[in-house]
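Chemist: Pasting a structure below so you can have a look.
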Amino acid sequence: MSLCGARANAKMMAAYNGGTSAAAAGHHHHHHHHLPHLPPPHLHHHHHPQHHLHPGSAAAVHPVQQHTSSAAAAAAAAAAAAAMLNPGQQQPYFPSPAPGQAPGPAAAAPAQVQAAAAATVKAHHHQHSHHPQQQLDIEPDRPIGYGAFGVVWSVTDPRDGKRVALKKMPNVFQNLVSCKRVFRELKMLCFFKHDNVLSALDILQPPHIDYFEEIYVVTELMQSDLHKIIVSPQPLSSDHVKVFLYQILRGLKYLHSAGILHRDIKPGNLLVNSNCVLKICDFGLARVEELDESRHMTQEVVTQYYRAPEILMGSRHYSNAIDIWSVGCIFAELLGRRILFQAQSPIQQLDLITDLLGTPSLEAMRTACEGAKAHILRGPHKQPSLPVLYTLSSQATHEAVHLLCRMLVFDPSKRISAKDALAHPYLDEGRLRYHTCMCKCCFSTSTGRVYTSDFEPVTNPKFDDTFEKNLSSVRQVKEIIHQFILEQQKGNRVPLCINPQSAAFKSFISSTVAQPSEMPPSPLVWE
């Protein structure tokens with residue numbers, strides 16, 4: 001994983017400070033100095049095509065050519081039975097499942113319709129599909145990760161041969177709460193338009209509503225995540241740290257401008273590709289900020305090590321400052337290559353925080369519950385020990401520690417915002433490097449680099465969650481989500497659907513969701 005070189009560029013800094021676009025003077029220099037390569041060790045095979053597959057083995061996905069003879073159709077059906085993703089028909093929706101129409105996940109379908117599913121590809125084709133023989137040396141699908149609520153697989157999009165990620169949102173319609181949560185995440189993934197925030201490229205065609213149990217979302221495939229990089233033995237330069245932190249805050253500024261709290265920022269939810277481009281992912285716990293302080297918010301959020309003190313202390317109302325606390329913990333972890341506050345329990349978590357920050361004032365604890373305040377006041381009075389942050393690593397410079405101390409503030413109202421953190425001088429080099437050779441918003445010409453007028457864009461309008469207020473039954477939400485997915489189908493692209501007969505799909509459908517360690521944390525009950 002390498003970073004390209006970036007020279008200090010006066011015009012770019014002028015563009016940032018003045019808010020105007022600028023072209024770099026002179027030619028853009030191309031002697032790029034490559035930083036240590038950080039390949040994700042156990043994901044290395046993403047870069048290498050696997051051994052050739054034959055029809056009938058678990059090939060990833062297949063488009064199917066329009067059949068001209070019954071023999072060709074039979075061959076196509078055999079190949080498609082192995083493929084997990086297939087281009088669907090343009091109008092596959094009927095009042096009830098039509099003969100030969102795949103009803104969707106095999107697990108949800110009656111046996112006789114499962115048998116008909118094998119004939120799906122034979123029954124409906126689309127003229128934009130390619131010849132199946134072109135696609136036979138595709139890597140098999142494989143699981144690549146588990147989120148708060150869902151499992152992610154890498155697959156090949158049969159329409160263009162690109163590797164993409166496929167996220168299964170399972171058990172969507174168990175109850176009204178899970179329906180609303182999944183619909184919220186789905187709407188967010190379709191709303192996001194930012195290079196440092198993962199968004200939906202596509203949603204697989206749903207089956208007829210009677211068989212509609214799972215939702216499959218296609219997103220960009222990223223090679224690694226910050227957790228894997230931090231625990232790897234490869235060195236992380238200060239340039240890596242700056243460009244990662246810059247992108248985390250750039251994505252967070254966008255999310256917060258949309259009025260969204262992520263509520264589970266941790267290294268494993270920060271995806272990184274081989275060029276060091278970073279994207280915030282997993283919005284299973286995200287929600288719109290609650291401006292009415294009298295309304296209670298759930299405390300079952302944020303993985304413990306990254307949980308802000310106000311949540312640990314049982315505050316019933318919190319702000320997007322909880323995400324900034326998590327970023328501070330990650331910043332320290334990037335510098336020190338170990339978890340900053342690694343406690344066995346939520347109470348010990350709070351004690352480790354006060355060891356570093358000192359005993360908080362009553363004002364800083366004003367939103368805490370009485371039991372948590374009593375715990376702090378019972379204990380010894382602690383002095384802050386912030387200078388210990390300089391011992392994280394040689395990269396913990398004055399500028400780095402200064403910014404870190406603005407993030408790790410006990411009182412959420414005094415914690416720095418994503419917008420203000422981006423203006424900190426520590427991130428100037430990260431911004432320069434990102435916009436000189438990593439971003440999609442600036443471009444190079446023969447006379448130099450043309451910079452965007454807005455380095456850290458926000459969204460307008462905000463994400464609107466008023467749709468949730470009127471959701472009253474599982475059946476109603478199911479119909480609304482089904483309709484929403486149909487409306488999302490991107491223009492004239494061939495819609496994709498799951499092939500429930502493929503071996504890969506059967507493995508996918510049975511893969512477990514969220515390992516026990518990944519489950520959302522339980523709330524701390526203060527006596």
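The backbone N, Cα and C atoms fix where each Cβ goes, and this holds for glycine too.
When I checked Swiss-Prot for this same protein, it listed these features:
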type	residues	note
REGION	1-125	region 'Sufficient for interaction with DAPK3'
REGION	22-72	region 'Disordered'
COMPBIAS	26-54	compositional bias 'Basic residues'
REGION	90-140	region 'Disordered'
COMPBIAS	103-119	compositional bias 'Low complexity'
COMPBIAS	122-131	compositional bias 'Basic residues'
REGION	124-416	region 'Sufficient for interaction with DAPK3'
DOMAIN	138-427	domain 'Protein kinase'
BINDING	I144, G145, Y146, G147, A148, F149, G150, V151, V152, K167	ATP binding site
ACT_SITE	D264	active site, proton acceptor
MOD_RES	T298	phosphothreonine
MOD_RES	S522	phosphoserine
Chemist: Give me the CA-CA distance between the residue listed as 'phosphothreonine' and D264 (active site, proton acceptor), in Å, as a whole number.
Modeler: 13
Chemist: If you count Cβ atoms within 10 Å of the Cβ of the residue listed as 'phosphothreonine', leaving out that atom itself, what do you get?
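Modeler: Result for the residue listed as 'phosphothreonine': 12 neighbouring Cβ atoms inside 10 Å.
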Chemist: Once the chains shown are all counted, how many other Cβ atoms turn up within 10 Å of the Cβ of D264 (active site, proton acceptor)?
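Modeler: Summing over all protein chains shown, D264 (active site, proton acceptor) has 26 other Cβ atoms within 10 Å.
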Chemist: Summarise the model's confidence over the domain 'Protein kinase' (138-427) as a mean pLDDT value.
Modeler: 93
Chemist: Mind giving me a neighbour count for V152 (ATP binding site)? Other Cβ atoms within 10 Å of its Cβ, every protein chain shown.
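Modeler: Taking all protein chains shown, V152 (ATP binding site) has 21 Cβ neighbours within 10 Å.
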Chemist: Just the number: how many Å between the Cα atoms of V152 (ATP binding site) and D264 (active site, proton acceptor)?
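Modeler: Rounded to the nearest whole number, the Cα-Cα distance is 17 Å.
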